[in-house]
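Database features (TrEMBL):
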- 1-10: compositional bias 'Low complexity' (COMPBIAS)
- 18-32: compositional bias 'Low complexity' (COMPBIAS)
- 33-54: compositional bias 'Acidic residues' (COMPBIAS)
- 68-83: compositional bias 'Basic and acidic residues' (COMPBIAS)
- 117-201: domain 'PPIase FKBP-type' (DOMAIN)
- 1-88: region 'Disordered' (REGION)
- 303-336: repeat 'TPR' (REPEAT)
- 387-409: transmembrane segment (TRANSMEM)
Amino acid sequence: MASSGEEPGSGSPGRAGTGPEPAPAAEAAQLDAAEDFEVLEEEEEGEEEEEDLSELPPLEDVGRPPARPREDAQPAEQGRGEAAEEPQEWIDVLGSGLLKKKTLVQGQGVDTRPCKGQDVTVRLKATLEDGSVVEENPALTFTLGDCDVLQALDLCVQLLEMGETALIVADAKYCYGAQGRSPDIPPNAALTLEVELLAARDAPDLELLSGQEKIELANRKRERGNFFYQQADYVLAINSYDIALKVIGSSSKVDFSPAEEAELLDVKVKCLNNLAASQLKLDHYEAALKSCNLVLEHQPGNIKALFRKGKVLAQQGEYGEAIPILKAALKLEPSNKTIHAELSKLVKKHVDQKNVETEMYRKMLGNPSAASTPRKCKDKLPWSIPWKWLFGATAIALGGVALSVVIAARN
């Protein structure tokens, strides 16, 4: 493909900084199946409208009965600290019953709780409702409040005291949602998380990051956005892409090599392209158009940005502007069936739009007969002077002559 810009792909969201899982060979091609650039199979089957996302509702719309907390649950490793003498009650974190927290080992006090924006390190153990362990990490580090990890973890760690061990029971919507995580976490699976807060420190100063550090940080945020896109949670996807773009656009006191500058630009283009795709899903057309234009400022021949800009303009009814843009994209990649299908659809809509406008104007202006037109024109000829006007002008002229004669006689 003649453009840069990676599409949102699937990743492992429970681990901060991990990249997307390897895609099948068919998905490693120029068009990923995750985004708008992607509806190749559906359009070949004659589908003209946007793909049906009814099977992929945003996370906040996924309803599921809350998992019943296990009151007899015990920490997996008793040797890590003595249990509290007085067992704590379950805390309903959000008031919906879908996310609950229970202290197993007391911490060092409320004033030791971490703050948003800090980098925290936790010990994590995640299990399914049947007790199957699906994840263990002795030192998971992430930025609190950036949605780098499961929402259940991101929300509840803010309530942990330093050294505290807690049990968290979370509904699927705050974990892996309707998609699950292949192969170990099924769709709509609630999780029980055992978490111990080990450390919290301020995040590194972006101005002091080296080029490679900034690239790695921006990529982690972008990959997290890809995960949310796959989960059809486009709001959180946009949030992650925005954070990645802020990292890239932050000022720096460190000199970067030309290769690092080029790689940062490449990551920026990928984020902007994926941001536009997410904004399109939410019908935020002006924002998506701005994102596409920012890509095209750096890469005028970016096919994905051209394609999405054409789609945005089409959604706004600007078929006359959208068609040339899609033609430009098709010229760069003539064999792309997705662009062919979209362009054909827009040309038809444009013709229909022009026909409707023509009919509307005809009704507004009417359809005067051929006979009436010459008559109106003839009535306006310069020699078609009313006789009353001519008589009045003559009378005035004669009166003027008579007055002149009288004046001359008196003199």
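Glycine is no exception: its Cβ is also placed from the backbone N, Cα and C atoms.
Note that this is a predicted model, so its numbers are computed, not measured.
Mean model confidence of the repeat 'TPR' (303-336) amounts to 91 (pLDDT, 0 to 100 scale). Helix, strand and coil counts under DSSP for the repeat 'TPR' (303-336) come to 27 helix, 0 strand, 7 coil. Across the range of the domain 'PPIase FKBP-type' (117-201), the DSSP-based residue counts are 12 helix, 40 strand, 33 coil.
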